[in-house]
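Peer 1: Pasting a structure here, questions to come.
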Amino acid sequence: MADSEMNADLSRLRSFIHHGKLKKIKSLLNDQPKRLNYFLEREFDACAHATQFKEERTLRLLHEYGFPIDGYPRTRSITPLIIAIRRCDIGFVRTLIELGCDVNCSVRSYTIIPLIEAYQVYKNKQENLFFFETAKEIFRFLLQSGASPNVYNTHSMRLAHLTAIDGEFDLLKLLIDAGAFINAITTTHRKNLLHLLCDRAVEQPTESFLQILRMLIQLGCDINHRDDCFETPLMCTLHRGSTHELIVEGTRLDLKNNFGNTYLTRAVHYALYDHARMALYAGAPCRVWQCPFPYVNRNYQQQQSSTETSLMDAIVDYERFVSQLEVYLLKPRQLKDLARLQIRKTLSCPLNKMSLPQKKYYRQRAHSNPLSDHSVEYPIRPDDMDWSSHYPSVIESPEQQPSNDEESSVSNKRRKLENQLIEFVDIGCGYGGLLVALSPLFPDKLMLGMELRVKVNNFILRMHIFDDEILGNITTIIHNSTTSLPPDVPAPHSIGYIAVLISVIFFGSNFVPAAKYPIGDGLSFQFFLCCGIWITGVVINLAVGNPPFFPLVVIGGVLWTTGNVLSVYVIQINGLGMSMLLWCTSNLFMGWASGHFGWFGLIPEKVEKPLFNYIGVAIAVLSGLIFLFIRTGKSPETTAEHQPILQSNDLSIINTLKDDPLELNSSPSSSTPSRRMRIIGYILAIISGIIFGLVFTPSTYIQDHRKYKYPTASKNGLHYVFSMYTGILLSSFFYYALYIVCKRNRPHICIESILPAFISGIMWGIAQAAFIVANSILSQAISYPIISIGPATLAVLWSMLYFKDIVGLRNYLIFSAGTVVRLVATGFIILSKPISS
C-alpha cells in the first residue's frame, strides 16, 4: 500500500475520531492489519485526539486496538491526562485512570506532571466556584490514585512547599496525608514546611492554618530547624501571630540567629512584649550576648563589646516594658527570679544552657489518682467550697467578722464584687499566663486555673503572684481530671423568669381543652387528669437522668390531689375564673410566707429589697379582693351546645347534646347558686389554696437541708418532679377508689372528657415543673406571688373572650382595674430581686 494512501487513511482516522464515528473507525482498523501497524509506527497520538474532542467511547475503542493511553515517550505532545485536567473534566480523568493511565507520567522524556498541572488549574480556576471545586476534587483523586506527593515543578520546588507559600492549606493537608516529606528543605533559603507556614502567619490565623501547624508538629517536623539566616520557625512568627502554637515541648528558645539574637531579644527589639512575656514563661534564658543593635544601650555597647549583659539592662524602651510586666505578670526583679527558678528547679539545668523538658517534671505518673497521692480539698458540692483562702483580697473568710470601722477604712484593700462566683475557668492552666493576661481586662470577674501537675501548682502558689491587689481575682488549684461532680451551679435568673412565664401560661390554660366537654361530677375527670400528670413526670424523670426518688416529696403530691378534689366542687359552684382567683390568693400568701419567713423548717429566703417584696404581695392580695366583685354569666346561644367548665349564673342544670341533665342546685327555681352555697364555695376555695401553698414545702425542705440530712439531693428542681407526681397519682387513685365504693361501683364517667382530661394533666404537669424550676432559681419569695396571680388573670381572659362566662361593662372595668393592680404587684416583686445563692 502506498504511503499516500496511508496518509489519506490517517487523515480519515483523525476525522472519524473528531466526529466520534465508531463504526467507521472499526472498519478502517479491521480492513487491513498493515494499516493499523502503520498508524502505530507513525506514533499517532489517537488517544490524545479522542480526549481533546471528548469522545470517551472512541477512547476506549482506540485503547482496545493498542493505541497507548499515555501517548508515545519520544513525542513532546501533552498526554491525554493533562488534556482532561486542563479541561477540568473529572469524568474523563476517572476514565483515563481506569484504563491504566500513568498518573506520574514517568515514561515520558518531556512532560508535565499531572499533579502539578492540577494544582495550576486549581489556582487559575479560583474565580469560578464550580471549576474551583472540580479542580480540587481532581487533585484529591490523583493523590488517591497513586500520584506522588513529592513532585517538583519546573523551578525545582516541591509541590508541598509551593502550596505552603501560596497559603493553600487544604491542599497541603491532602499532600501531608498522602505522605509528603515534611522535613524537606527548599533549595533557596533552606526552609522547611514550618518556616514557609510561619511566613504566611497572620494575627488571626484560620482554623485550617492552625490544623496544618499542629499536624506538622505532631508528625515530627523539625521545629528547631534553622534556615540560611539561622532563624527558627518561631522567630518567623514575630509581627504575624500564632506564636503560642510553636512553643511546645521540645522548642528551644536559646537558639540564636546569625546576628546572635534569640527569640526573646528580637521580641524586645520590636516592642512585642506579649511575645517576650510568653517566652519568659516558657523558660527563655534571661541573659543574652551583647551585639551592636538599636535595642542595646550605647553605653553598654561601648563598655562591654563582647561580654554577657543582663537583658533587663539592654532594653531601650525599659519603662514601657516594666509597665507592661507590672500589669500582666510581675515586677522585673521577680520576673527574672521566676525565670531563674523555673530553669534551675523545673528543668534541672544550668542557667547558660537549655535542655529539652523532661516528662517527669511536667506531668504525674500515668494512671495515678491525685486524690490518693496528694492532699486535695474536695467539697461535697460547689456551695460548700470556701474560696476566701484563694481570693483573700476579694472574698472574706466566714470566720472573719469585720467591724464597721474596718469596712469603711480607706486602708482596707479588699475589693467588693457584685457576683462572687467564678466565671472564668482555665482547665490545664500551666503557669497561669492566660489568667494573668485576662485579670486586668476583667477586674470584676473571678478566675480560676485548674492544673493537674502538683509541682507546677505549688510552684505558682509559692511565688505569691496572686496575693496583690491587681491580680487578686485569679488563683489556681489542683484538680482531678478523672473525677467529676454533678452539675450543681446556680442557673441565671433569666431562666427562672422564663420558667415563671411558662408556668403562668399553662396553669391559666390547662382546663381549656376540657371546657367544652361534660365532666360529670368531676372525680373521674380528675383521675384521668392525674394520669396525664404522672406521664409527664415520667418523661421529665427520664430527661434529667433518673435522679433518686424522695418519699418525702410524695406528701406534696398528696396535698395537691386533696386540694384538687376540693377544687372540682368549687369550680362547679363559683366557676373557673372566680375559683382560681380565690385559691390563687390564699395559695399566694401561704407559699410566699412559708418560704420568706421559713415556716415548717424551711430556711428563710431573703431578697435584696424586702420592702418592695412586701408591697408587691400586699397589692397582689388586694387585687384578689377586687376580682371578688366580678359576677359570672353566660350568653344563651351557647347553652345547649356544650357543658362549660365555667358555670353560668342563669343555669340550674348542665345541658349537653349527649348527656342527660345533671342537677347542680337543690332548688329548681333558683337561677344562680344561693348565697350560702357561694360562701361555702369561697371557703373551700381558700382551703384549697392553703393546701396548694404547702405542695412545695417537702421538696424545698430537702433542698434546704442537703448538707446534713440529704447529701444525695440536688438543687435542680426537676429532680423532684417524679416523686411529687407519683404522690399525685397514688392519692388520686385512692380518692377515686373511695368514690367508686361510695357510688356502689357505678361511677359517673363521661367518655368524651377522658382525652381532654389527659391533655389538661399534661399541661398542668409542664406548668408545675416550670413552677419547681422557678422556685429553685428565684426562691419562693419571688416566684410564688407572680405564678399565683398570673394564671387567675389568664383564666378570666379565657372566660371573657372565649367562653363568655363573664360579660358586662361592669365586669370588664373591674377586670381591667384588677389586672393593672396585679401588674403593679408583679413589678414590685420583680424589683425586689432575689439574692444569688
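Glycine is no exception: its Cβ is also placed from the backbone N, Cα and C atoms.
Sharing the feature lines straight out of TrEMBL:
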- 389-412: region 'Disordered' (REGION)
- 494-512: transmembrane segment (TRANSMEM)
- 524-543: transmembrane segment (TRANSMEM)
- 549-571: transmembrane segment (TRANSMEM)
- 580-599: transmembrane segment (TRANSMEM)
- 611-630: transmembrane segment (TRANSMEM)
- 679-702: transmembrane segment (TRANSMEM)
- 722-742: transmembrane segment (TRANSMEM)
- 754-778: transmembrane segment (TRANSMEM)
- 784-803: transmembrane segment (TRANSMEM)
- 812-831: transmembrane segment (TRANSMEM)
Peer 1: With a cut-off of 8 Å between Cβ atoms, can you find at least three pairs linking the transmembrane segment (679-702) to the transmembrane segment (754-778)? Only pairs 6 or more residues apart in sequence count.
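Peer 2: Checked: the transmembrane segment (679-702) vs the transmembrane segment (754-778), in contact.
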Peer 1: Verify whether three or more Cβ pairs under 8 angstroms connect the transmembrane segment (754-778) with the transmembrane segment (524-543), leaving out any pair fewer than 6 apart in sequence.
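Peer 2: They do touch: at least three Cβ pairs between the two stretches lie under 8 Å.
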Peer 1: Would you mind listing the long-range same-chain contacts of the transmembrane segment (494-512), meaning Cβ under 8 Å and 6+ residues beyond its ends?
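Peer 2: Counting only partners 6 or more residues beyond its ends, the transmembrane segment (494-512) has Cβ contacts under 8 Å with 576, 580, 645, 760-761, 763-764, 766-768, 770-771, 773-774, 776-778, 782-783, 786-787, 790-795, 797-798, 802, 830, 834.
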Peer 1: Which bits of the chain, at least 6 residues beyond where the transmembrane segment (549-571) starts or stops, bring a Cβ under 8 A of a Cβ in it?
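Peer 2: Residues 519, 521-523, 525-526, 529-530, 579, 582-583, 645-647, 681, 684-685, 687-689, 691-692, 694-699, 701-702, 710, 713, 720, 722-732, 735 contact the transmembrane segment (549-571) from elsewhere in the chain.
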